[in-house]
Amino acid sequence: QLQNKILILTICAAGIGGTFQYGYNISIINAPASYIQTFMNTTWLERTGVPLESNVILLLWSFTVSAYPLGGLTGAVVAGPMAIMLGRKMSLLLNNVFVIVAAALSGFSRMAKSFEMIMLSRFFTGVNAGVSMNIQPMYLAESAPKKLRGAVALTSASFTALGLVLGQVVGLREFLGREESWPFLLASNVVPALIQLTALPWFPESPRYLLIDRGDKESCISALQKLRGTSDLSAELEEMLAEQAAVKGQRAKNPWELFQNPSLRWQLVSIVVLSSAMQLCGNDSMYFYAAYVFQEAGIPRDKIPYVVIGTGSCELITSVTCNMIIDYAGRRPLLLGGYIFMAGWAIVFMVALSQQTQISWMPYLSMACIFAYILSFGIGPAGVTGVLPTEVFDQMSRPAAYMICGSLLWFNLFLVGTAFPFIVKSLAHFCYIPFLVVCVCTALYVGFFLPETKGKSFLEISEEFKKRNFKTKTRSGFYKGPEEIKTTTL
(Lines of atoms letter the chains of each structure in order from A and count residues from 1; the text may use other names and numbers.)
(Lines give C-alpha, C1' and ligand atoms only; values in the text may rest on other atoms or scores of the structure.)
Protein backbone atom coordinates (compact mmCIF):
# COMPACT_ATOMS: atom_id res chain seq x y z
CA GLN A 1 0.00 0.00 0.00
CA LEU A 2 1.30 3.42 -1.00
CA GLN A 3 0.22 5.02 2.28
CA ASN A 4 2.09 2.51 4.41
CA LYS A 5 5.09 3.27 2.20
CA ILE A 6 4.72 7.00 2.86
CA LEU A 7 4.55 6.40 6.63
CA ILE A 8 7.64 4.12 6.45
CA LEU A 9 9.55 6.68 4.35
CA THR A 10 8.56 9.47 6.77
CA ILE A 11 9.97 7.35 9.64
CA CYS A 12 13.24 6.79 7.73
CA ALA A 13 13.61 10.45 6.69
CA ALA A 14 13.03 11.61 10.29
CA GLY A 15 15.22 8.89 11.81
CA ILE A 16 18.34 9.16 9.63
CA GLY A 17 19.03 12.76 10.62
CA GLY A 18 17.37 12.37 14.03
CA THR A 19 18.14 9.81 16.72
CA PHE A 20 20.50 7.98 14.32
CA GLN A 21 22.91 10.89 14.90
CA TYR A 22 22.73 10.41 18.69
CA GLY A 23 23.92 6.79 18.47
CA TYR A 24 26.40 7.46 15.68
CA ASN A 25 28.11 10.37 17.45
CA ILE A 26 28.33 8.49 20.75
CA SER A 27 30.30 5.65 19.11
CA ILE A 28 32.53 7.43 16.54
CA ILE A 29 34.49 9.23 19.26
CA ASN A 30 35.80 5.94 20.77
CA ALA A 31 38.02 4.74 17.89
CA PRO A 32 40.20 7.88 17.45
CA ALA A 33 40.55 8.65 21.19
CA SER A 34 44.32 7.96 21.37
CA TYR A 35 45.00 9.78 18.05
CA ILE A 36 43.13 12.90 19.20
CA GLN A 37 45.02 12.90 22.51
CA THR A 38 48.33 12.68 20.57
CA PHE A 39 47.11 15.54 18.34
CA MET A 40 46.36 17.66 21.46
CA ASN A 41 49.87 17.05 22.76
CA THR A 42 51.69 17.81 19.48
CA THR A 43 49.58 20.92 18.88
CA TRP A 44 50.42 22.24 22.36
CA LEU A 45 54.08 21.38 21.82
CA GLU A 46 54.13 23.38 18.55
CA ARG A 47 52.43 26.35 20.22
CA THR A 48 54.47 26.56 23.43
CA GLY A 49 57.46 24.29 22.97
CA VAL A 50 56.45 22.36 26.10
CA PRO A 51 54.64 18.97 25.95
CA LEU A 52 51.49 18.46 28.03
CA GLU A 53 51.54 16.31 31.15
CA SER A 54 49.53 13.08 30.90
CA ASN A 55 46.94 14.19 33.48
CA VAL A 56 46.38 17.48 31.56
CA ILE A 57 45.84 15.50 28.33
CA LEU A 58 43.31 13.35 30.20
CA LEU A 59 41.57 16.48 31.50
CA LEU A 60 41.37 17.99 27.99
CA TRP A 61 40.03 14.67 26.68
CA SER A 62 37.34 14.52 29.37
CA PHE A 63 36.33 18.10 28.44
CA THR A 64 36.00 16.95 24.83
CA VAL A 65 33.87 13.95 25.81
CA SER A 66 31.64 15.88 28.23
CA ALA A 67 31.02 18.65 25.67
CA TYR A 68 28.63 16.17 23.99
CA PRO A 69 26.15 15.70 26.89
CA LEU A 70 26.47 19.43 27.67
CA GLY A 71 25.38 20.20 24.10
CA GLY A 72 22.64 17.57 24.44
CA LEU A 73 21.29 19.32 27.53
CA THR A 74 21.24 22.64 25.63
CA GLY A 75 19.47 20.94 22.70
CA ALA A 76 16.85 19.40 25.00
CA VAL A 77 16.07 22.83 26.46
CA VAL A 78 15.69 24.58 23.08
CA ALA A 79 13.75 21.65 21.55
CA GLY A 80 10.46 22.58 23.30
CA PRO A 81 10.25 26.19 22.03
CA MET A 82 11.43 25.02 18.56
CA ALA A 83 8.70 22.36 18.34
CA ILE A 84 6.02 24.90 19.32
CA MET A 85 7.15 27.83 17.14
CA LEU A 86 8.53 26.10 14.05
CA GLY A 87 6.58 22.85 14.06
CA ARG A 88 7.94 19.32 14.39
CA LYS A 89 9.19 18.84 10.82
CA MET A 90 10.80 22.26 10.37
CA SER A 91 12.61 21.85 13.72
CA LEU A 92 14.12 18.54 12.55
CA LEU A 93 15.23 20.17 9.28
CA LEU A 94 16.78 23.25 10.93
CA ASN A 95 18.48 21.01 13.49
CA ASN A 96 20.86 19.78 10.74
CA VAL A 97 22.58 23.19 10.76
CA PHE A 98 24.24 22.24 14.09
CA VAL A 99 25.70 19.04 12.59
CA ILE A 100 26.95 20.77 9.45
CA VAL A 101 28.76 23.37 11.62
CA ALA A 102 30.14 20.57 13.84
CA ALA A 103 31.38 18.56 10.82
CA ALA A 104 33.14 21.64 9.40
CA LEU A 105 34.84 22.34 12.75
CA SER A 106 36.10 18.78 13.32
CA GLY A 107 36.94 18.19 9.64
CA PHE A 108 39.26 21.23 9.50
CA SER A 109 40.61 20.99 13.08
CA ARG A 110 43.85 19.24 12.12
CA MET A 111 44.46 21.67 9.26
CA ALA A 112 43.88 24.62 11.61
CA LYS A 113 46.01 22.95 14.33
CA SER A 114 43.26 23.52 16.89
CA PHE A 115 41.95 20.90 19.32
CA GLU A 116 39.52 23.53 20.67
CA MET A 117 37.61 23.14 17.38
CA ILE A 118 37.03 19.45 18.22
CA MET A 119 35.56 20.40 21.62
CA LEU A 120 33.27 22.97 20.01
CA SER A 121 32.32 20.47 17.32
CA ARG A 122 31.28 17.91 19.97
CA PHE A 123 29.15 20.56 21.69
CA PHE A 124 27.24 21.34 18.46
CA THR A 125 26.85 17.62 17.74
CA GLY A 126 25.32 17.28 21.21
CA VAL A 127 22.87 20.14 20.55
CA ASN A 128 21.73 18.34 17.40
CA ALA A 129 21.23 15.06 19.28
CA GLY A 130 19.40 16.83 22.13
CA VAL A 131 16.89 18.40 19.74
CA SER A 132 16.28 15.25 17.69
CA MET A 133 15.91 12.95 20.74
CA ASN A 134 12.98 15.15 21.84
CA ILE A 135 11.31 16.12 18.58
CA GLN A 136 11.58 12.94 16.51
CA PRO A 137 9.46 10.66 18.81
CA MET A 138 6.94 13.52 19.18
CA TYR A 139 6.70 14.02 15.40
CA LEU A 140 6.35 10.31 14.65
CA ALA A 141 3.86 9.48 17.43
CA GLU A 142 1.66 12.42 16.37
CA SER A 143 1.77 11.27 12.73
CA ALA A 144 1.06 7.57 13.36
CA PRO A 145 -2.35 5.87 13.45
CA LYS A 146 -3.46 4.89 16.97
CA LYS A 147 -2.95 1.13 16.51
CA LEU A 148 0.66 1.63 15.31
CA ARG A 149 1.59 4.56 17.55
CA GLY A 150 3.91 2.57 19.86
CA ALA A 151 5.75 0.83 17.03
CA VAL A 152 6.20 4.02 15.01
CA ALA A 153 7.46 6.13 17.93
CA LEU A 154 9.73 3.28 18.98
CA THR A 155 11.65 3.44 15.70
CA SER A 156 13.57 6.31 17.37
CA ALA A 157 15.31 3.69 19.55
CA SER A 158 16.01 1.47 16.53
CA PHE A 159 17.68 4.38 14.71
CA THR A 160 19.78 5.15 17.82
CA ALA A 161 20.97 1.52 17.90
CA LEU A 162 21.60 1.54 14.14
CA GLY A 163 23.69 4.71 14.56
CA LEU A 164 25.66 3.06 17.36
CA VAL A 165 26.50 0.00 15.25
CA LEU A 166 27.35 1.98 12.10
CA GLY A 167 29.55 4.31 14.18
CA GLN A 168 31.43 1.27 15.51
CA VAL A 169 31.80 -0.16 11.98
CA VAL A 170 32.99 3.11 10.38
CA GLY A 171 35.49 3.48 13.26
CA LEU A 172 37.25 0.19 12.34
CA ARG A 173 40.78 0.42 10.91
CA GLU A 174 39.49 -0.87 7.56
CA PHE A 175 37.32 2.24 7.16
CA LEU A 176 38.05 5.56 8.91
CA GLY A 177 39.70 4.25 12.09
CA ARG A 178 43.31 4.91 11.03
CA GLU A 179 45.38 7.76 12.47
CA GLU A 180 45.46 9.84 9.28
CA SER A 181 41.68 9.70 8.76
CA TRP A 182 40.24 10.70 12.17
CA PRO A 183 39.11 14.21 11.03
CA PHE A 184 37.06 12.51 8.28
CA LEU A 185 35.60 10.07 10.81
CA LEU A 186 34.43 12.93 13.07
CA ALA A 187 33.06 14.87 10.07
CA SER A 188 31.25 11.83 8.59
CA ASN A 189 28.12 12.78 10.58
CA VAL A 190 27.38 15.37 7.86
CA VAL A 191 26.21 12.56 5.51
CA PRO A 192 23.02 11.61 7.47
CA ALA A 193 22.27 15.35 7.86
CA LEU A 194 22.42 15.91 4.09
CA ILE A 195 20.22 12.83 3.48
CA GLN A 196 17.58 14.22 5.85
CA LEU A 197 17.72 17.71 4.29
CA THR A 198 17.06 16.12 0.88
CA ALA A 199 14.34 13.66 1.95
CA LEU A 200 12.25 15.11 4.81
CA PRO A 201 10.81 18.18 2.98
CA TRP A 202 8.78 15.80 0.78
CA PHE A 203 6.79 14.44 3.72
CA PRO A 204 3.90 16.01 5.71
CA GLU A 205 4.03 17.90 9.02
CA SER A 206 2.43 16.26 12.11
CA PRO A 207 -1.39 16.41 11.52
CA ARG A 208 -2.01 16.93 15.25
CA TYR A 209 0.33 19.92 15.33
CA LEU A 210 -1.38 21.45 12.27
CA LEU A 211 -4.88 21.13 13.77
CA ILE A 212 -4.40 21.65 17.50
CA ASP A 213 -1.46 24.11 17.59
CA ARG A 214 -2.04 25.94 14.32
CA GLY A 215 -5.83 25.53 13.98
CA ASP A 216 -5.34 24.69 10.29
CA LYS A 217 -7.95 22.02 9.54
CA GLU A 218 -7.35 21.93 5.75
CA SER A 219 -3.59 21.27 6.10
CA CYS A 220 -4.32 18.66 8.78
CA ILE A 221 -6.73 16.78 6.47
CA SER A 222 -4.26 16.99 3.58
CA ALA A 223 -1.44 15.64 5.82
CA LEU A 224 -3.70 12.83 7.06
CA GLN A 225 -4.64 11.91 3.48
CA LYS A 226 -0.97 11.69 2.52
CA LEU A 227 -0.24 9.47 5.53
CA ARG A 228 -3.42 7.34 5.55
CA GLY A 229 -4.61 7.43 1.94
CA THR A 230 -8.27 7.41 1.03
CA SER A 231 -9.35 5.29 4.02
CA ASP A 232 -12.09 6.80 6.17
CA LEU A 233 -10.48 9.59 8.21
CA SER A 234 -13.63 10.74 10.05
CA ALA A 235 -13.01 8.73 13.28
CA GLU A 236 -9.41 9.92 13.59
CA LEU A 237 -10.36 13.51 12.75
CA GLU A 238 -13.15 13.47 15.35
CA GLU A 239 -10.72 12.23 17.97
CA MET A 240 -8.35 15.11 17.13
CA LEU A 241 -11.21 17.62 17.20
CA ALA A 242 -12.19 16.31 20.65
CA GLU A 243 -8.60 16.79 21.79
CA GLN A 244 -8.60 20.27 20.26
CA ALA A 245 -11.83 21.10 22.13
CA ALA A 246 -10.28 19.80 25.38
CA VAL A 247 -7.33 22.21 25.12
CA LYS A 248 -9.26 25.12 23.57
CA GLY A 249 -8.09 28.51 24.81
CA GLN A 250 -4.90 27.05 26.33
CA ARG A 251 -1.40 27.91 25.21
CA ALA A 252 1.62 25.63 25.15
CA LYS A 253 2.86 25.12 28.71
CA ASN A 254 6.32 25.81 30.13
CA PRO A 255 8.21 23.06 32.01
CA TRP A 256 7.77 24.73 35.43
CA GLU A 257 4.00 24.94 34.86
CA LEU A 258 3.86 21.15 34.64
CA PHE A 259 5.33 20.92 38.15
CA GLN A 260 2.68 23.33 39.47
CA ASN A 261 -0.26 21.51 37.89
CA PRO A 262 -1.83 18.88 40.20
CA SER A 263 -3.67 17.24 37.27
CA LEU A 264 -0.29 16.24 35.76
CA ARG A 265 1.30 14.91 38.95
CA TRP A 266 1.48 11.19 38.12
CA GLN A 267 2.36 11.76 34.45
CA LEU A 268 5.30 13.90 35.56
CA VAL A 269 6.49 11.46 38.25
CA SER A 270 6.31 8.63 35.68
CA ILE A 271 8.45 10.34 33.05
CA VAL A 272 10.95 11.65 35.65
CA VAL A 273 11.41 8.13 37.08
CA LEU A 274 11.68 6.43 33.67
CA SER A 275 13.88 9.06 31.97
CA SER A 276 16.30 9.04 34.89
CA ALA A 277 16.35 5.25 35.09
CA MET A 278 17.17 4.98 31.39
CA GLN A 279 20.65 6.48 31.97
CA LEU A 280 21.11 5.43 35.61
CA CYS A 281 20.48 1.71 34.90
CA GLY A 282 24.11 1.19 33.84
CA ASN A 283 23.58 0.11 30.24
CA ASP A 284 26.12 2.60 28.85
CA SER A 285 28.61 1.52 31.51
CA MET A 286 28.42 -2.03 30.10
CA TYR A 287 30.09 -0.67 26.95
CA PHE A 288 32.80 0.80 29.20
CA TYR A 289 33.42 -2.69 30.64
CA ALA A 290 33.10 -4.58 27.36
CA ALA A 291 36.71 -4.22 26.17
CA TYR A 292 38.16 -5.25 29.57
CA VAL A 293 35.89 -8.31 29.90
CA PHE A 294 36.54 -9.46 26.32
CA GLN A 295 40.29 -9.15 26.89
CA GLU A 296 40.01 -11.25 30.06
CA ALA A 297 38.05 -13.86 28.08
CA GLY A 298 41.16 -14.30 25.94
CA ILE A 299 40.02 -12.46 22.82
CA PRO A 300 43.08 -10.94 21.07
CA ARG A 301 43.34 -7.16 21.58
CA ASP A 302 43.14 -6.36 17.85
CA LYS A 303 39.92 -8.40 17.52
CA ILE A 304 38.10 -6.68 20.41
CA PRO A 305 36.60 -3.83 18.29
CA TYR A 306 34.85 -6.47 16.15
CA VAL A 307 33.33 -8.17 19.22
CA VAL A 308 32.23 -4.79 20.60
CA ILE A 309 30.21 -4.35 17.38
CA GLY A 310 28.32 -7.46 18.57
CA THR A 311 27.15 -5.57 21.68
CA GLY A 312 25.80 -2.71 19.56
CA SER A 313 24.13 -5.21 17.22
CA CYS A 314 22.41 -6.76 20.27
CA GLU A 315 20.74 -3.45 21.06
CA LEU A 316 19.73 -3.03 17.40
CA ILE A 317 18.19 -6.53 17.17
CA THR A 318 16.19 -6.14 20.38
CA SER A 319 14.92 -2.64 19.57
CA VAL A 320 13.67 -3.90 16.18
CA THR A 321 12.05 -6.90 17.93
CA CYS A 322 10.49 -4.55 20.49
CA ASN A 323 9.13 -2.52 17.56
CA MET A 324 7.26 -5.54 16.29
CA ILE A 325 5.73 -6.55 19.64
CA ILE A 326 5.07 -3.27 21.51
CA ASP A 327 1.53 -2.83 20.16
CA TYR A 328 0.70 -6.45 21.04
CA ALA A 329 2.51 -6.88 24.35
CA GLY A 330 1.86 -3.37 25.67
CA ARG A 331 4.21 -0.88 27.33
CA ARG A 332 4.17 -2.08 30.95
CA PRO A 333 5.22 -5.73 30.40
CA LEU A 334 8.20 -4.63 28.25
CA LEU A 335 9.40 -2.06 30.80
CA LEU A 336 8.80 -4.36 33.77
CA GLY A 337 10.46 -7.36 32.11
CA GLY A 338 13.43 -5.26 30.94
CA TYR A 339 14.24 -3.85 34.40
CA ILE A 340 13.66 -7.18 36.23
CA PHE A 341 16.02 -9.01 33.85
CA MET A 342 18.62 -6.23 34.11
CA ALA A 343 18.52 -6.48 37.92
CA GLY A 344 19.07 -10.25 37.67
CA TRP A 345 21.95 -9.94 35.23
CA ALA A 346 23.59 -7.19 37.32
CA ILE A 347 23.84 -9.63 40.27
CA VAL A 348 25.29 -12.41 38.07
CA PHE A 349 27.72 -9.92 36.47
CA MET A 350 29.08 -8.76 39.85
CA VAL A 351 29.57 -12.35 41.01
CA ALA A 352 31.30 -13.20 37.72
CA LEU A 353 33.61 -10.15 37.97
CA SER A 354 34.61 -11.02 41.52
CA GLN A 355 35.52 -14.60 40.50
CA GLN A 356 37.12 -13.56 37.21
CA THR A 357 40.66 -14.59 38.19
CA GLN A 358 39.73 -17.65 40.31
CA ILE A 359 37.57 -19.67 37.93
CA SER A 360 38.66 -20.23 34.34
CA TRP A 361 35.21 -19.99 32.71
CA MET A 362 34.07 -16.86 34.61
CA PRO A 363 35.23 -14.38 31.90
CA TYR A 364 32.83 -16.14 29.50
CA LEU A 365 29.97 -15.74 31.99
CA SER A 366 30.85 -12.01 32.31
CA MET A 367 30.78 -11.82 28.53
CA ALA A 368 27.36 -13.47 28.40
CA CYS A 369 26.13 -11.03 31.09
CA ILE A 370 27.17 -8.03 29.00
CA PHE A 371 25.17 -9.30 26.02
CA ALA A 372 22.20 -10.30 28.20
CA TYR A 373 22.15 -6.93 30.00
CA ILE A 374 22.17 -5.01 26.73
CA LEU A 375 19.47 -7.31 25.29
CA SER A 376 17.25 -6.74 28.36
CA PHE A 377 17.73 -2.97 28.04
CA GLY A 378 16.90 -3.03 24.33
CA ILE A 379 13.71 -5.04 24.68
CA GLY A 380 11.95 -2.52 26.93
CA PRO A 381 13.53 0.53 28.58
CA ALA A 382 15.52 1.66 25.50
CA GLY A 383 12.47 2.27 23.35
CA VAL A 384 9.36 2.47 25.51
CA THR A 385 10.76 5.33 27.64
CA GLY A 386 10.83 7.63 24.60
CA VAL A 387 7.24 6.78 23.60
CA LEU A 388 5.59 7.52 26.96
CA PRO A 389 5.80 11.36 27.12
CA THR A 390 3.87 11.52 23.83
CA GLU A 391 1.15 9.23 25.17
CA VAL A 392 0.66 10.51 28.72
CA PHE A 393 0.67 14.29 28.01
CA ASP A 394 -1.75 16.35 25.95
CA GLN A 395 -0.73 18.48 22.97
CA MET A 396 -0.11 21.63 25.06
CA SER A 397 2.05 19.90 27.69
CA ARG A 398 3.96 17.54 25.37
CA PRO A 399 6.88 19.81 24.26
CA ALA A 400 7.50 20.87 27.89
CA ALA A 401 7.38 17.22 29.01
CA TYR A 402 9.99 16.31 26.41
CA MET A 403 12.18 19.22 27.60
CA ILE A 404 12.09 17.77 31.15
CA CYS A 405 12.73 14.23 29.84
CA GLY A 406 15.58 15.31 27.59
CA SER A 407 17.25 17.46 30.25
CA LEU A 408 17.17 14.56 32.74
CA LEU A 409 18.50 12.13 30.14
CA TRP A 410 21.50 14.30 29.26
CA PHE A 411 22.21 15.39 32.83
CA ASN A 412 22.23 11.76 33.96
CA LEU A 413 24.40 10.71 31.01
CA PHE A 414 26.92 13.35 32.13
CA LEU A 415 26.55 12.25 35.78
CA VAL A 416 27.13 8.54 35.04
CA GLY A 417 30.02 9.32 32.68
CA THR A 418 31.71 11.43 35.35
CA ALA A 419 30.94 9.26 38.38
CA PHE A 420 31.39 5.74 36.96
CA PRO A 421 35.23 5.66 37.04
CA PHE A 422 35.07 6.69 40.73
CA ILE A 423 32.35 4.07 41.47
CA VAL A 424 34.60 1.40 39.89
CA LYS A 425 37.55 2.62 41.96
CA SER A 426 35.67 2.51 45.27
CA LEU A 427 33.38 -0.53 44.78
CA ALA A 428 35.64 -2.56 42.42
CA HIS A 429 33.77 -5.74 41.39
CA PHE A 430 30.57 -4.56 43.07
CA CYS A 431 30.34 -1.35 41.03
CA TYR A 432 26.93 -2.43 39.69
CA ILE A 433 25.20 -2.16 43.10
CA PRO A 434 23.94 1.43 42.42
CA PHE A 435 22.59 0.33 39.02
CA LEU A 436 20.95 -2.75 40.58
CA VAL A 437 19.12 -0.50 43.07
CA VAL A 438 17.90 1.74 40.21
CA CYS A 439 16.61 -1.28 38.21
CA VAL A 440 14.74 -2.77 41.19
CA CYS A 441 13.15 0.56 42.20
CA THR A 442 12.08 1.30 38.62
CA ALA A 443 10.57 -2.18 38.20
CA LEU A 444 8.57 -1.63 41.43
CA TYR A 445 7.35 1.77 40.23
CA VAL A 446 6.24 0.38 36.84
CA GLY A 447 4.56 -2.60 38.50
CA PHE A 448 2.55 -0.55 40.99
CA PHE A 449 1.93 2.88 39.46
CA LEU A 450 2.19 2.97 35.67
CA PRO A 451 -1.07 2.39 33.74
CA GLU A 452 -1.07 0.63 30.35
CA THR A 453 -1.45 3.00 27.36
CA LYS A 454 -1.60 0.43 24.53
CA GLY A 455 -4.36 1.06 21.97
CA LYS A 456 -5.92 3.99 23.88
CA SER A 457 -6.61 7.44 22.49
CA PHE A 458 -4.75 10.39 24.04
CA LEU A 459 -8.01 11.51 25.70
CA GLU A 460 -8.63 8.08 27.27
CA ILE A 461 -5.08 8.03 28.67
CA SER A 462 -5.40 11.51 30.21
CA GLU A 463 -8.78 10.45 31.69
CA GLU A 464 -7.10 7.45 33.35
CA PHE A 465 -4.38 9.67 34.84
CA LYS A 466 -7.02 12.15 36.01
CA LYS A 467 -8.53 9.40 38.18
CA ARG A 468 -5.11 8.73 39.72
CA ASN A 469 -4.31 12.41 40.25
CA PHE A 470 -7.61 13.20 41.98
CA LYS A 471 -8.27 9.68 43.36
CA THR A 472 -12.06 10.19 43.11
CA LYS A 473 -13.55 8.83 39.93
CA THR A 474 -14.29 11.65 37.50
CA ARG A 475 -17.90 11.99 36.48
CA SER A 476 -17.48 12.78 32.85
CA GLY A 477 -16.31 9.26 31.88
CA PHE A 478 -14.44 8.55 28.66
CA TYR A 479 -14.95 10.46 25.45
CA LYS A 480 -17.88 8.72 23.78
CA GLY A 481 -17.60 9.63 20.12
CA PRO A 482 -19.06 11.78 17.36
CA GLU A 483 -22.15 13.02 19.22
CA GLU A 484 -19.95 15.30 21.36
CA ILE A 485 -18.26 16.79 18.36
CA LYS A 486 -21.27 18.04 16.46
CA THR A 487 -21.29 21.25 18.49
CA THR A 488 -17.55 21.89 18.18
CA THR A 489 -16.85 24.91 16.02
CA LEU A 490 -13.35 25.43 14.75
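Using the three backbone atoms N, Cα and C, a Cβ is placed for every residue, glycine included.
Because TrEMBL annotations are produced automatically, they should be read as predictions rather than curated entries.
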| query | In TrEMBL, which of 29-52, 365-388 is tagged transmembrane segment? | reply | 365-388
| request: With TrEMBL as the source, identify the stretch among 118-139, 228-249 annotated transmembrane segment. | output: 118-139
| message | Cβ pairs under 8 Å only, please: of the recorded stretches 7-24, 151-170, 400-424, which one is richest in them relative to the transmembrane segment (430-450)? | response | 400-424
| said: Short question: most Cβ pairs under 8 Å with the transmembrane segment (56-80), which of 7-24, 151-170, 334-353, 400-424? | reply: 400-424
| field | For the transmembrane segment (118-139), distant same-chain residues with Cβ under 8 A (at least six beyond the ends) | value | 14-15, 17-19, 21-22, 25, 29, 36, 63-65, 67-80, 82-83, 88-89, 91-92, 95-96, 98-99, 101-103, 105-106, 109, 153, 156, 159, 186, 189, 193, 206, 386-387, 389-390, 398-399, 402-403, 405-406, 409-410
| said: Do any residues, 6 or more residues outside the transmembrane segment (182-203), come within under 8 Å Cβ-to-Cβ of it, and if so which ones? | reply: 6, 9-10, 12-14, 16-18, 20-21, 24-25, 28-29, 31-32, 35-36, 39, 89, 92-93, 96, 99-100, 102-104, 106-111, 118, 121, 125, 128, 170-171, 176, 226
| said: Give the nonlocal contacts of the transmembrane segment (7-24) in its own chain as ranges (CB under 8 Å, at least six residues past its ends). | reply: 72, 92, 95-96, 99, 125, 128-129, 132-133, 135-137, 139-140, 143-144, 148, 152, 155-167, 189, 192-193, 195-197, 199-200, 202-204, 227
